[in-house]
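Read the structure below first, then the notes.
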């Protein structure tokens, strides 16, 4: 069994891969104040509930965009599994050529997604990850990571509107039927959600043009992350949603880097 750990700004996703399939996955809150002991208790409870034996874990790989949580998580791995985890970062074998000005600046999550997308599709691609931040990444047919862009996630946009506009309430991110709304809540929902979809469509259109100007074929657009399906249902610029893209990338990177 391989334990895959994807640390995001809001949630930590853990997956267990065994015999070419996923046998368990969990989502817990990211909390940099938790100690390694607290994470150890939580992870062991998850294993017990799933009736999994931690001694059968052969290896662990961690991808994180939250640096100050890594000490606790790495110690948790050592305590629970008596192994050193592979950590996605500078020096790791990826199989892709990162064309960033400073490759060390590329977030681990973006590298992991790019590896999975390229291994699976082997074509020019735009990868959109709808997380706390929304990231757009461009990959060539040869596997060059050209770069991309980062913008606030949908929830951040909603929170900012609530926090900075005194008379506007905090709202649930639900899709209204119309963009011509007759109350404050649905007006905010329409502006946030449909406005966000418009932003995605424009960025994808612009990225496609820039990639094709470089001689690439029209890129395939792959989306992942918690709100990917919401956006996918309202636009035709996304070709596919892959909710397990990051875990797939971690599994591929583990195989490339295990001793």
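In case you wondered, yes, glycine gets a Cβ from its N, Cα and C as well.
Look at Swiss-Prot and you will find 109 tagged as active site, proton acceptor, backed by sequence analysis. Counting only residues at least six positions away in the same chain, the Cβ atoms of 6, 8, 63, 65, 129, 131, 135, 246 sit under 8 Å from the Cβ of residue 109 (active site, proton acceptor).
When secondary structure is read from DSSP and collapsed to three states, residue 10 (ATP binding site) falls in the coil class. The ATP binding site annotation in Swiss-Prot covers 6, 7, 8, 9, 10, 11, 12, 13, 132.
The feature substrate binding site is assigned by Swiss-Prot to 100, 107, 108, 109, 110, 184. Other Cβ atoms within 10 Å of the Cβ of residue 110 (substrate binding site), summed over all protein chains shown, number 25. For the recorded site, residue 110 (substrate binding site), the DSSP three-state label reads helix.
Residue 129 (K(+) binding site) falls within a strand segment according to DSSP. Residues or ranges marked as K(+) binding site in Swiss-Prot: 129.
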Chain-mates of 6, 7, 8, 9, 10, 11, 12, 13, 132 with C-beta within 8 Å of site centroid, ATP: 30, 65, 66, 131
Spatial neighbours, same chain, of residue 12 (ATP binding site) - Cβ under 8 Å, 6+ residues apart: 5, 6, 27, 28, 29, 30
When distances run from the Cα of residue 10 (ATP binding site) to each of the binding-site residues 100, 107, 184, the nearest one: 107
